[in-house]
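Enquirer: First the structure, which I've put down as structure tokens, then a few questions once you've had a look.
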Amino acid sequence: MLDIAKFLDQTNLKQDASESDIIKLVEEQRKYNFRSLCIAPSFLQVARKNLQNIYLSTVIAFPNGYATTESKIFETKDAIKNGANDLDIVSNIGRIKMRDYEYLSKEVNCLREACKDHVIKFIIETSFLNKEDIYFITNILVEEGADFVKTSTGFTKSGANLEDIKFIKENFGEKIKIKASGGISDYKTAIKFISAGADVIGTSHGLDIINYKEN
């Protein structure tokens, strides 16, 4: 049977999350061994202190993505210093819609250089994009060496869409990994996204997904 925990980035990015919420998440990680915990940058040291060998993801320029490239580089380096393994960076959605190839390729390249030894994912907020936009930005991510394209922040009107996952997989195959996130809250939905080509699922409902599997 599929060990679905290995696909899950168990997430708490709530604005009102407290230190006790993060410690609770760490205790869940001790028991279930999710792929990673995805938490706000300000809580990285808290999680690392409570479980030294924990694998941590965090978010950069979250959730809007329109910070300058220089600001994103600073956030990225600071997050690495504080214990992040994965960086989930929000892309500049306006620049994607403008098809600003030069700006976006330079930004991805600079961020790739800033974290050479870490996994880098770019959130493209697919709910704002058409298929041509998705192809445009994913192609840049492939060219500049990003590890993952990630669908959503989970903070907009809609999250991951199965058809978008299939579209990316059909057009880019194994050239880039896919993280599906936003609105994936149960086991059956998670399996559908994995079957469609998602390599990782971002969710705040990891326990619900795991417990369904165990029943």
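Note: Cβ is positioned from N, Cα and C throughout, glycine not excepted.
Since this is a predicted model, take the numbers as computed values, not measurements.
This is the feature table in TrEMBL:
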- D88: active site, proton donor/acceptor (ACT_SITE)
- K150: active site, schiff-base intermediate with acetaldehyde (ACT_SITE)
- K179: active site, proton donor/acceptor (ACT_SITE)
Enquirer: Write out the long-range same-chain contacts of the residue listed as 'active site, schiff-base intermediate with acetaldehyde', meaning residues 6 or more apart in sequence whose Cβ is under 8 Å from its Cβ.
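Expert: The list for the residue listed as 'active site, schiff-base intermediate with acetaldehyde' reads D88, K121, F122, I123, I124, I178, K179, A180, S181, G202, given in order along the sequence.
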Enquirer: What is the number of other Cβ atoms found within 10 Å of the Cβ of D88 (active site, proton donor/acceptor)?
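Expert: If we count other Cβ atoms within 10 Å of D88 (active site, proton donor/acceptor), we arrive at 28.
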Enquirer: Taking the Cβ of K179 (active site, proton donor/acceptor) as the centre, count every other Cβ atom within 10 Å, in any protein chain shown.
Expert: 29
